[in-house]
Amino acid sequence: MSGKKRTASSNRWMLEHFDDHYVKLAQKRGLRSRAAFKLEELQQKDQLIRPGMTVVDLGAAPGGWSQVAVKLVGDKGKVIACDILPMDPIVGVDFLQGDFREEKVLEALLTRVGADKVDVVLSDMAPNMSGSDGVDQPRAMYLVELALDMCHQVLAPNGSFAVKVFQGEGFDEYMKAVKEAFKVVKTRKPDSSRARSREVYLVATGYKL
């Protein structure tokens, strides 16, 4: 039964994907994923990224957010991207392939960051979905907790954090933890986020720890 559900869900996703306005627009603009529009919308509302900034992009593949970020930081800025999956090169983006939960990958990422702290941490990470909330939600919350931990390691005072979170068990506790670490936290649901998705984005500014 679960296999049939996943097949039906996969078929629905495929139909939505190929008939999706944002997918078509991404292809037209040469963007690697529709997710790029989510960061563009967050940027329009919250002005997270400015020229000259250093940005860390977690869960970067296939590169939609990195494409947007590297244009925003300009020639004097820096984008450091990391993903367990491979990603085709993007000019101006320093990409590290690996699982940053592993010590050697984390060390390599911190080496790329260097002595200076970063201005923005981005995370559009999501687990491979099984279709079971009891499995998927804990996995998703684990990833966002890792992203917040990365902020504690690399983010400069008054830095910013944008993270995709799935509403469900653990969300309220996570929101509390983010509010403890940042002066201002806003919840955003970009127009380019599918309406039926439980995903929202927390935009946190004014890092204070």
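Every residue, even glycine, has its Cβ placed from backbone N, Cα and C.
Noted in Swiss-Prot for the protein shown:
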- Lys164: active site, proton acceptor (ACT_SITE)
- Gly63, Trp65, Asp83, Asp99, Asp124: S-adenosyl-L-methionine binding site (BINDING)
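All features noted in Swiss-Prot, drawn onto the structure.
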residue: Gly63; record: S-adenosyl-L-methionine binding site; DSSP (3 states): coil
residue: Asp83; record: S-adenosyl-L-methionine binding site; DSSP (3 states): strand
residue: Asp99; record: S-adenosyl-L-methionine binding site; DSSP (3 states): coil
residue: Asp124; record: S-adenosyl-L-methionine binding site; DSSP (3 states): coil
residue: Lys164; record: active site, proton acceptor; DSSP (3 states): strand
Q) Taking just the CA atoms, what is the gap between Trp65 (S-adenosyl-L-methionine binding site) and Lys164 (active site, proton acceptor) in Å? A) 12
Q) Hey, how far is Asp124 (S-adenosyl-L-methionine binding site) from Lys164 (active site, proton acceptor), Cα to Cα, in Å? A) 5
Q.
If you count, for each of the binding-site residues Asp99, Asp124, the other Cβ atoms lying within 10 Å of its Cβ, which residue has the minimum?
A. Asp99
Q) Widest Cα span across the S-adenosyl-L-methionine binders Gly63, Trp65, Asp83, Asp99, Asp124, in Å? A) 18
